[in-house]
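Visitor: I'd like to ask you about the structure that follows.
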Amino acid sequence: MKIDYYEALGVTRTADDKTLKAAFRKLAMQYHPDRNPDDPEAERKFKEIGEAYETLKDPQKRAAYDRFGHAAFENGGMGGGFGNGFGGAGGFADIFEDIFGEMMGGGRRRSNGGRERGADLRYNMEVTLEEAYAGKTAQIRVPTSITCDECSGSGAKPGSQPTTCTMCSGSGRVRAAQGFFSVERTCPGCNGRGQIIKDPCEKCHGQGRVTQERSLSVNIPTGIEDGTRIRLAGEGEAGLRGGPAGDLYIFLSVKPHEFFQRDGADLYCKVPISMTTAALGGQFEVSTLDGTQTRVKVPEGTQNGKQFRLKGKGMPVLRQSVTGDLYIQIDIETPQNLSKRQRELLEEFEKLSSQENSPKSAGFFSRMKEFFEGIGE
């Protein structure tokens, strides 16, 4: 019984090319013979989805199939130009390599003498808020793999050279028959390197790199925030057998500050003042990150939580000529451990107080009582 190509791929008859390709890719991953050895059913399904995609990916074949079904390709249908299955130049082998190549280790890629790019490295660094404000140049030591100086990264013992793998002729890939088509696989003779090192370097054991701690200078720009990432190109792990080095990524975090809290480019500082300063007015000085002392005037009658804005005294914005502000929040401290005389004076002050002195608290409780009595009626 002939299969329905759309059902085989699990798509509707209106599926576009992108949907067809995605469906084929997913099913090919699922039923590929390499993942299902000695499984005839998986092999059958794999052939079916390949046949279905081979037909539906071609606009002419798809139009013929939609109109005539499988009869379009039988007995010389459509002028005999399509044939049955995956015949013709390229065929399913090309489809498989283009769409599914990475599963087989890169499809049509060719080895570059076994050279491999080194891995990217991550380095976590903490900085103070002051350092984030002003920027700095930091020296760090990073344990990493560097190019072996004994063999200059070739992996071969000095005086010798790697030889080209005869199994893959230096490509690092070999073709293997898979039913009615062939696919590329990593060469088992050289593990994809394209070269064979018969006499490996004693220092790096044929890897072309050794582990060593390096000292690097890192420029920390002004205005960095938690999670800011700095990339040092080529400062990561050395490549294998002369391959390019990876990159080093510096991930920055800013330590909590004793006095300032940060919100983007703005800073916040809670300053305690006495009750009398809040009532009578006064002034105080705060230290800012630019190294200056800034005077803050407190008007009489200042309430708890009042904020004063110091423009331009916050954090610089990374890579911009913009600076945030510093907000001073007043925290009025209630007197404790009063002496007898202090208590007497406060009691006298309370007797002399009027509604004008405390407009918020005056009448608050009576209004609250009236409110809840009204609800109960």
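Here the Cβ of each residue, glycine as well, is placed from N, Cα and C on the backbone.
Dumping what Swiss-Prot says about this protein:
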type    : residues                       : note
BINDING : Cys148, Cys151, Cys201, Cys204 : Zn(2+) 1 binding site
BINDING : Cys165, Cys168, Cys187, Cys190 : Zn(2+) 2 binding site
DOMAIN  : 4-69                           : domain 'J'
REPEAT  : 148-155                        : repeat 'CXXCXGXG motif'
REPEAT  : 165-172                        : repeat 'CXXCXGXG motif'
REPEAT  : 187-194                        : repeat 'CXXCXGXG motif'
REPEAT  : 201-208                        : repeat 'CXXCXGXG motif'
ZN_FING : 135-213                        : zinc finger
Visitor: For the repeat 'CXXCXGXG motif' (201-208), give me same-chain residues lying six or more residues beyond its boundaries with a C-beta closer than 8 angstroms to one of its C-beta atoms, as numbers and ranges.
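Guide: Same-chain residues near the repeat 'CXXCXGXG motif' (201-208) but 6 or more away: 147-148, 150-151, 153-158, 238-242.
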Visitor: List the Cα distance (Å, whole number) between Cys151 (Zn(2+) 1 binding site) and Cys187 (Zn(2+) 2 binding site).
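Guide: For Cys151 (Zn(2+) 1 binding site) versus Cys187 (Zn(2+) 2 binding site), the Cα atoms are 25 Å apart.
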Visitor: Pop the Cα-Cα gap between Cys204 (Zn(2+) 1 binding site) and Cys190 (Zn(2+) 2 binding site) into the table, whole Å please.
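Guide: Cα-Cα distance, Cys190 (Zn(2+) 2 binding site) to Cys204 (Zn(2+) 1 binding site): 18 Å.
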Visitor: Quick check on the zinc finger (135-213): DSSP residue counts for helix, strand, coil, in that order please.
Guide: 0 helix, 35 strand, 44 coil
Visitor: Cβ under 8 Å to the repeat 'CXXCXGXG motif' (148-155), counting only same-chain residues 6 or more beyond its ends: which ones?
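Guide: Answer is 161-162, 197, 200-204, 206-210, 238-242.
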Visitor: Using C-alpha positions only, work out which of the binding-site residues Cys148, Cys201, Cys204 is nearest to Cys165 (Zn(2+) 2 binding site).
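Guide: For Cys165 (Zn(2+) 2 binding site), the spatially nearest of the binding-site residues is Cys201.
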Visitor: Within the repeat 'CXXCXGXG motif' (165-172), what mean pLDDT does the predicted structure show?
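Guide: In the predicted model, the repeat 'CXXCXGXG motif' (165-172) has a mean pLDDT of 85.
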Visitor: Using DSSP, how many residues of the domain 'J' (4-69) fall into helix, strand and coil, respectively?
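Guide: Its residues divide into 48 helix, 0 strand, 18 coil.
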Visitor: Quick one: which residues besides Cys148, Cys151, Cys201, Cys204 have a Cβ within 8 Å of the Zn(2+) 1 site's Cβ centroid, in sequence order?
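Guide: Leaving out the recorded residues gives Asp149, Glu150, Ser152, Gly153, Ser154, Gly155, Ala156, Lys157, Pro200, Glu202, Lys203, His205, Gly206, Gln207, Gly208, Arg209, Val210.
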Visitor: Please report the Cα separation of Cys204 (Zn(2+) 1 binding site) and Cys187 (Zn(2+) 2 binding site) in Å, rounded to an integer.
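Guide: That separation, Cα to Cα, works out to 23 Å.
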Visitor: Have a look around Cys201 (Zn(2+) 1 binding site) and count the other CB atoms within 10 A of its CB, chains all included.
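Guide: There are 22 such Cβ atoms around Cys201 (Zn(2+) 1 binding site).
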